[in-house]
Amino acid sequence: MAKQDYYEILGVSKTAEEREIKKAYKRLAMKYHPDRNQGDKEAEAKFKEIKEAYEVLTDSQKRAAYDQYGHAAFEQGGMGGGGFGGGADFSDIFGDVFGDIFGGGRGRQRAARGADLRYNMELTLEEAVRGVTKEIRIPTLEECDVCHGSGAKPGTQPQTCPTCHGSGQVQMRQGFFAVQQTCPHCQGRGTLIKDPCNKCHGHGRVERSKTLSVKIPAGVDTGDRIRLAGEGEAGQHGAPAGDLYVQVQVKQHPIFEREGNNLYCEVPINFAMAALGGEIEVPTLDGRVKLKVPGETQTGKLFRMRGKGVKSVRGGAQGDLLCRVVVETPVGLNEKQKQLLQELQESFGGPTGEHNSPRSKSFFDGVKKFFDDLTR
């Protein structure tokens, strides 16, 4: 069976330049590659034809022989053993077209970026609300100041890896394919350090603690994270440094609780003020302010003091302070006080005075109805 013309296989003219041939090969190789057509024998045979045509037409000597003698140039005795499969380097094609399949292409492995670091910072509520600048000390890896990150002894330079010749990749042939792998000798860096730095022992980085001044913006809360770009560990062999993340944890406050941008606090008042009303001082983060308590105030009533909360870290309106009233039962009464309270209770008409204690009346009426229903 006559073999198909190489130019026809690739779909190019006989005057096509090498770049046109490469372009045609990339397109066809992608289409008929066995990994994309598993089990398809026709596609596999087509791929072999495409590869054979490419190898001949991109070799100037083989192409000239083919143009003059056709396929006869590569038959036994035709060209002094030149034959197909003479070991052409397809790394330029495979590196571009099949980089993902064969280990990521031809390029040298990039030096690793430095690791990110985390620092847990505890703040008081006042610091979180107002903002604060704090100094912290963190252990990290910094660029070696002797070799400046190269890992080589001063006055020397890292040498090109003799295994991969500086590419960071080695080529392993498997059948028709040249498989690219990370060089095991230099771990993909493309260079070797023959004379390592005495301080960092060739690593390019040294362990060190550093002090940083961290500005905490006003309004942060537990769980917020502040990023300091480039303040993490130094990268390997000149690669970028990682980042430092400051994780905020706000301590519990003895008076205030925070929910979002609002603050809450409990304000105890005696039962006389709860009944008669009056004025008390309540704490805020800016100092004491007066709060008017109306008569007949019950435990649990909330009083809102606008703008006395927390300003959002993202800007916008300021939160409020909500004061929850707790009516205290008097303790440590003397005989006179007990007598006065007894007289007061009698003036109410007893423990369940209907007029002065509407909630008590409602409660006891409900209890009475419950037992009445049980006895019916």
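Backbone N, Cα and C atoms are what each Cβ position is placed from, and that goes for glycine too.
Note on Cys144 (Zn(2+) 1 binding site): other Cβ atoms within 10 Å of its Cβ, all shown chains, come to 22. Annotation source Swiss-Prot lists Zn(2+) 1 binding site at Cys144, Cys147, Cys197, Cys200.
According to Swiss-Prot, the feature Zn(2+) 2 binding site maps to Cys161, Cys164, Cys183, Cys186, an assignment based on sequence analysis. Taking the Cβ of Cys186 (Zn(2+) 2 binding site) as centre and 10 Å as the limit, one finds 24 other Cβ atoms among all the protein chains shown. In this structure, Cys186 (Zn(2+) 2 binding site) belongs to neither helix nor strand by DSSP; it is coil.
Residue counts for the domain 'J' (5-70) by DSSP state, with H, G and I taken as helix and E and B as strand, are 51 helix, 0 strand, 15 coil. Residues or ranges marked as domain 'J' in Swiss-Prot (evidence: sequence analysis): 5-70.
The repeat 'CXXCXGXG motif' annotation in Swiss-Prot covers 144-151 (among others). If you average pLDDT over the repeat 'CXXCXGXG motif' (144-151) in this model, you get 90.
Per Swiss-Prot, the feature repeat 'CXXCXGXG motif' maps to 161-168 (among others). Per DSSP, the secondary structure of the repeat 'CXXCXGXG motif' (161-168) breaks down as 0 helix, 0 strand, 8 coil.
Positions annotated as repeat 'CXXCXGXG motif' by Swiss-Prot: 183-190 (among others).
Taking H, G and I as helix, E and B as strand and the rest as coil, DSSP gives the repeat 'CXXCXGXG motif' (197-204) the counts 0 helix, 0 strand, 8 coil. Taken from Swiss-Prot, the feature repeat 'CXXCXGXG motif' applies to 197-204 (among others).
Annotation source Swiss-Prot lists zinc finger at 131-209, citing sequence analysis.
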Those binding-site residues listed as Cys147, Cys197, Cys200, and which of them has the most Cβ atoms within 10 Å of its own Cβ: Cys147
Tally of DSSP helical, extended and coil residues in the zinc finger (131-209): 0 helix, 35 strand, 44 coil
Between Cys186 (Zn(2+) 2 binding site) and Cys147 (Zn(2+) 1 binding site), the C-alpha gap once rounded to whole angstrom: 19
Cys164 (Zn(2+) 2 binding site), number of other Cβ atoms within 10 Å: 22
Residue among binding-site residues Cys161, Cys164, Cys183 with Cα closest to the Cα of Cys144 (Zn(2+) 1 binding site): Cys161
Cβ contacts of Cys161 (Zn(2+) 2 binding site) (under 8 Å, same chain, 6 or more positions away): Gly168, Cys183, His185, Cys186, Arg189, Gly190, Thr191, Leu192
C-beta crowding around Cys183 (Zn(2+) 2 binding site), within 10 angstroms: 22
